[in-house]
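Written out below as structure tokens is the structure these notes cover.
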């Protein structure tokens, strides 16, 4: 089974940065065979390879689910009331509270059980996936969950790795393999991994052990060593690093087959350790409901205490304790006073219990469940490319969509398509635009420039693009001619000799190689350290690849050293302008700088290209230095960096390139709308900083006027001091700029400077987990304040769990802002689960994000309508629903409380039991349900055109204490009118034609009639968007009350022991006085709302826009219908003519 200490292990290892000292290590026997014959073989115990993402099992579902549901204050309260009604003799039946409670618990349990069953199903698909394992030298098939640590696993091309493996053998001649890690860090480019050096080809005879660190979640770190045992030889030791580790969830590419040994399995894989466990999310509205419930619970207890006290005060008077008509039983006489007082207190609690709206939870559950279908049915969310619409996985958070303050978005596949395209280049100060695939277009800029010099520079530039990269060529099949693994199919058909695809570690490298190919220089591939290119004369040139100086985020450049057939040794270098310009001749910079700045302003990714001819001595020194550094086991990276910096000097600048990373459709407009709505957008990505920064500019999150504050490895190492010291200085400097100076400036100027904040994973690790001698909480506080005062934040090189840490830090900050995370890959699952609302994008990187999200949409652009329209309306509806329920129940129970002052606090009900039971269930439930599903106080078009309207409901504006107090005062006012208005009517000595007077049940029935009509008509006054459904349920509910009262009081029911309302309703309506009082009290109760609606002037930023839309004269026909893939019932269709689009509202709110 899954090892018991997995949770402890995950908690212990969920940290980044800091010292690399291992708490413990594990020893793995390759092939699970004892290695040295002299040592005792003790099989180690590790987790199996099962993945568990589900929450319940068949055994713990009932107790665990019931425990979670009764954590709700209301559910627990109703359980207590139900038990009191069962145990104590109370004025009302236990059915009145037990039946609604049972309904709510059952419906919620079924829904949550179904969702968890889907997770069990997804886990089973992964765990039962067939894999091949070497047993006794022969491949054997078994389920993925049966893989053990130490097994040698075979993986073929395009398969995902079933666990974390150390690469032992590859089918490629150069002992490498290529993988994509899109589901882990969001990068769909290819990464190169290497086999253990000097590994034997015959794995059956391999005798080896691996000593490595215990599982930890950092995707980019791994430390270990391998001991290889040979007969009559000392054990050979090989160093293992992240370049040898193949991670679970990554996919094998451009390699036919590999063999690897399992080192981490199941819940101990790095992917599983980055998985954030799914917990039950609760909306801010539910928290407000709980707060309001506490207030009403205090009111309820106060009422019960007052009535209990007054009852015994009244009974203490002479003759009132035991009147002649109500003698005590022997049991009552034998009961002590305290016990009788407590029983009476509980009876009053049950009598006034209806002030707590039990049916509200039933209505809220139905509103959320039915309301979620409107998102699914929305035709604007339907994407014809994938032929799918939006998906709702959790309907509990609909209203939370209208309260979002922070949006955390992934970059690759969410903001961008990860589809690079070569746009233009600049050579020696002259611009070339890729507007044509004809070769002649390349010469159009040089009418006044010497032709021979032009051609020489151009050829050198194009050779640099063809040679300075790590691109691999893959022969394309008949169905993928000209395609590549990063950039999609080529834009034009290739000639037969070029029918091949490209794969690379970066998508922009493919774009540059394809850009050079467009102008006649084609990269043909790398064979045995020889790079071949074809120039525009169709001649094949060969260059020996001597060294590759890899890209890293600190240098921000990469280089290759090659030797031509003529014997010249050349270094070609490309990188960011800030990295290249200081290393070339100053006089060459100015000719290129202007073009680089212009391209960057337009949102393109720019790279500068330089070269250098190396003399024999220079190359010999560089070659010796590189070989020595690569053999070092200690400080290898620092030694390589020193050699790189030494050789990449005094270069000649050739030109620059501009590459566009295509954004998702309407990505920039969506980000602008979200910022206009008052949301702060943070980009969390595992990609490089340069790529992510360009995307932020293209999405208009960063603008040219934005001052960027950078907290990355590069800035931490730029001062020549310890990272912790630089971190301290930078945080305080950024805090002074973004927080202190901004607050000072805002006090005397309206134009505040805009700041953007950039942080990478390594810097974040120092902030979240600094060294023991630093103040951790102080660093976090400064970091959070800086982020919150910036217009946009970019977090790059983030591990999946670090994304969740960022979200959690903001979520738990002061004010508890509502957070939303959106992503499309498995690397985004942790932050999707951590945020209040998780959105999955149905992208190209699998459906892990969709399965673990609360809502799924086909494209990023759909987020705008989901929040600004659906979220806005959902919040307004449910906020009105909650306030209305408390209001109508206070109206209901206040006359019952006042009645106790006139009946000796004898617990005499004012209303009949049927009215008590059916008030919330039948008479007043359907109108508010229809309102909460269909109401549109503001039209969809206005909400989408004016994003600032979203700010009007921000921070739970409609469920604050101010609106709650207004509704409470209104309920008290109307409750007093109901009771004392009818009491004034009863002061008339004769109310019927025969001279008889009404009794107490007639009194209660008149009060109840005024109550039902008032609260229903109050909702009608609040309704702005009328449909035939609203008309049907509002007037139908009133008609049902009248018809029910006639039948309930007009027939002798045999199952009733006593029939209190027999002909009461008939007699009441036979009195003209009763009719007049009912009408008068209804009008008087609604008068404040009527006057408020007439006298209140429209206000707010949307008033002028609404007026403009109303002024449009052209009529329109609006047909409300969902997409054909999700047909609703027939009654959701309507066709109506309207004078203007603002009034074009249908039964469907969308």
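The chain as shown is numbered from 1 upward.
Positions of Cβ are set from backbone N, Cα and C atoms, glycine also.
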Looking at 245-264, 265-284, 325-344, 345-364, which one is transmembrane segment according to TrEMBL?
345-364
Looking at the ranges 938-958, 1001-1021, 1106-1126, which is given as transmembrane segment in TrEMBL?
1001-1021
Which listed span TrEMBL calls transmembrane segment, if the choices are 219-242, 291-314, 387-410:
291-314
Looking at 906-931, 1062-1087, I want to know which stretch TrEMBL calls transmembrane segment.
1062-1087
Looking at the candidate ranges 865-888, 1033-1056, report the one that TrEMBL labels transmembrane segment.
1033-1056
Nearest of the binding-site residues (551, 605, 797) to residue 410 (active site, 4-aspartylphosphate intermediate), judged by Cα-Cα distance:
797
Whole-number Å only: compute the distance from the Cα of residue 412 (Mg(2+) binding site) to the Cα of residue 797 (ATP binding site).
12
Report the DSSP secondary-structure composition of the domain 'P-type ATPase A' (129-270) as helix, strand and coil residue counts.
17 helix, 68 strand, 57 coil
Could you measure between residue 686 (ATP binding site) and residue 828 (Mg(2+) binding site) for me? Cα positions, answer in whole angstrom.
10
Looking only at Cβ atoms, how many others are within 10 Å of the one on residue 827 (ATP binding site)?
32
I'm trying to understand the geometry here, so how far is the Cα atom of residue 797 (ATP binding site) from the Cα atom of residue 828 (Mg(2+) binding site), in Å to the nearest whole number?
13
Determine the Cβ neighbour count for residue 410 (active site, 4-aspartylphosphate intermediate): the number of other Cβ atoms within 10 Å of its Cβ.
30
Annotated ATP contacts 410, 411, 412, 509, 551, 574, 605, 685, 686, 687, 797, 803, 827, 828, maximal Cα-Cα distance (Å, integer):
31
At the level of the C-alpha atoms, what whole-angstrom distance separates residue 551 (ATP binding site) and residue 824 (Mg(2+) binding site)?
27
